[in-house]
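First the structure, in the form of structure tokens, and then the observations on it.
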Amino acid sequence: MSEKLYPVLAEAKRNTLIDNATYLEWYQESVSDPDSFWAKHGRRIDWFKPFTKVKNTDFNGDVSIKWYEDGVTNVSYNCIDRHLKSRGDQVAIIWEGDNPYIDKKITYRELHENVCRLANVLKKHGVKKGDRVTIYLPMIPEAAYAMLACARIGAVHSVVFAGFSPEALAGRIVDCESTFVITADEGVRGGKPVPLKENTDTAIDIAAKQYVMVNKVLTVRRTGGKVSWGPGRDLWYHQEVASVEPTCDPEPMNAEDPLFILYTSGSTGKPKGVLHTTGGYLVYASMTHQYVFDYHDGDIYWCTADVGWVTGHSYIVYGPLANGATTLMFEGVPNFPDQGRFWEVVDKHHVNIFYTAPTAIRALMGAGDEFVTRSSRSTLRLLGSVGEPINPEAWEWYYNVVGDQRSPIVDTWWQTETGGILITPLPGATDLKPGSATRPFFGIKPELVDNEGAVIEGAVDGNLCIIDSWPGQMRTLYGDHKRFIEAYFSTYKGKYFTGDGCRRDEDGYYWITGRVDDVLNISGHRLGTAEIESALVSHHSVSEAAVVGYPHPIKGQGIYCYVTLMTGEAVQDEDALRKELTQHVRKEIGPIATPDKIQFSPGLPKTRSGKIMRRILRKIAEDEFGALGDTSTLADPGVVDDLIENRQNKK
């Protein structure tokens, strides 16, 4: 745990929306009188019919979560129409293509026309309120148009990340019984084509065998690549939008009408369809976007996520657009054409707020500072981190090298299930500690419990629960409320269990230690894998590390470390470096954390969103690599063969 403290920067203090006194006052009100607090902030969005009820939630029994339940609104209206009078000609979306020479700016007025036309296409082909529409698109403006067009007519969108396999896509089509799919001929990532239409055709065949029939496929022409065509089923996007009216009235939606389903991996079985609804979700996404990122009118805001993940839903599309912001959508990858791409985009579009994942930060740190320092980055005012705990070494590099020590970092903790950020610093209010998500956002009541469910106070390690609802919370798992209760409310009765381990320090700051299934029990001691990974990465030779447990005859679990070295770091003597790293970890954490196995690897198995697939690493560490399951979602499946070949635990 980093002992360093970075006080709020003087510049941030002067200009931010929330200072520490305001944070403490608002937070107190939000937890002592949530009805009054959320009634006030619920009015940040426009309502066709104002709500009179605010909070109606119960984490016990059948678990029921309702916010603003008698209010009527529309998400698309809030993200577009209400801005037209005052900012119709302001840029809503900056699109930066995979190719660094291609970009596009879309104003709010243009966004309105594009969304209305697509909404009319959906209606023309029989899509109605409540129908599920699957969106399988790359990071192109049409992905945002598709989400907003669904919201406009009351259809429920299910966005499937364009890196997912046909099998994964089919599973998601079948689960929500979607009959309309929006895709592209191909996607482009790092200069390489991705066969989206072909994948869609395969997925539709798989779904048909499970008696779910897709009637229409609307295809965006992104590359002009050759695609197969099903007459009567397949439609070209450009032809369809040209054939309809450019205006479409937004459908009045009850606050608790579904907005979207987004599938997230369960620790067991098939993916879970997380369901978010209309009113509370938008209030929470827009409020967190404004205060966490200290968004001011005129800021250029860039979240590097993909719309296929919840971060893209809440912090590329819905939160920023509800706030009338200019949001940047990036089609490419951080290392194409080279490792300086992020910072070139920052300079090119004068980005003020930059939000990315620790995995990207660590990869770019491993490539060397010169890719960063050759850019100016003078417009950057705020940096953000999302997706997993950020190790202090990567935090320091991000702060010192990328941010030139003048941009606060908001290290945000949240989940697909939470709809928006739950624990985070606020740039003008929170002193920072590298690696800590710091304090709860307004209305969030974290609690740490031990394995028996007893509440533990003070500076302790425990299981992170949230004991009361907030407007952005998921309402259920689509079609499976029983599984929803079992997954989130049965482990600790009456509490939402996050599945994450957490440490609270003497200052009341929260440190996420990783998924509870990523917590090792070494000779009866709890150790978070994130902590050991952080120790390894603090060594000058190490770019990235992943740690898993494996069965150990004496200690119960042993510590197995996968280590990727810095670019250009050649290992003369593997055994000597293993000893050095082992000593380094002992020094950083203590003898209890001594690694049992260290395997050097050119890369780690990651999904295309940058998440490390720990399930695969655990299987290899256990020498059980015969049943690795679906590896089709990996960015580079070839990494797995190297890991198996060089495993340290061969029986």
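Positions of Cβ are set from backbone N, Cα and C atoms, glycine also.
Database features, via Swiss-Prot:
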type: BINDING; residues: Arg189, Gly190, Gly191, Lys192, Thr311, Asn335, Ser523, Arg586; note: CoA binding site
type: BINDING; residues: Gly387, Glu388, Pro389, Asp411, Thr412, Trp413, Trp414, Gln415, Thr416, Asp500, Arg515, Arg526; note: ATP binding site
type: BINDING; residues: Val537, His539, Val542; note: Mg(2+) binding site
type: MOD_RES; residues: Lys611; note: N6-acetyllysine
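Annotated features taken from Swiss-Prot, shown on the structure.
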residue : record              : contacts (Cβ under 8 Å, 6+ apart)
Lys192  : CoA binding site    : none
Gly387  : ATP binding site    : Thr311, Ala357, Pro358, Thr359, Ser609, Gly610, Lys611
Thr412  : ATP binding site    : Val292, Gly384, Ser385, Val386, Ile421, Ile423, Thr424, Ala437
Trp414  : ATP binding site    : Val386, Gly420, Ile421, Leu422, Ile423
Thr416  : ATP binding site    : Leu262, Thr264, Val274, Trp309, Val310, Met474
Val537  : Mg(2+) binding site : Arg362, Asn391, Glu393, Ala394, Ser543, Glu544, Ala545
His539  : Mg(2+) binding site : Glu580, Leu581, His584
Val542  : Mg(2+) binding site : Leu536, Val563, Thr564, Leu565, Met566, Leu581
Arg586  : CoA binding site    : Ala593, Thr594
Gly190 (CoA binding site) to Arg515 (ATP binding site) - Cα separation in whole Å: 31
Lowest local Cβ density (other Cβ within 10 Å) among binding-site residues: Thr311, Asn335: Asn335
Non-site residues, in chain order, whose CB comes within 8 A of the mean position of the CB atoms of Val537, His539, Val542 at Mg(2+): Glu393, Ala535, Leu536, Ser538, His540, Ser541, Ser543, Ala545, Val563, Leu581, His584
Sparsest-packed of the listed binding-site residues (Gly191, Pro389) - C-beta count within 10 angstroms: Gly191
Integer Å distance between the CA atoms belonging to Pro389 (ATP binding site) and Arg189 (CoA binding site): 26
Neighbourhood of Arg515 (ATP binding site), C-beta criterion under 8 angstroms, separation at least six: Gly499, Asp500, Gly501
Pairwise Cα distance for Pro389 (ATP binding site)/Asn335 (CoA binding site) [Å, integer]: 22
Neighbour count (Cβ, 10 Å) for Gly190 (CoA binding site): 14
Around the Cβ of Arg189 (CoA binding site), the count of other Cβ atoms that are within 10 Å: 18
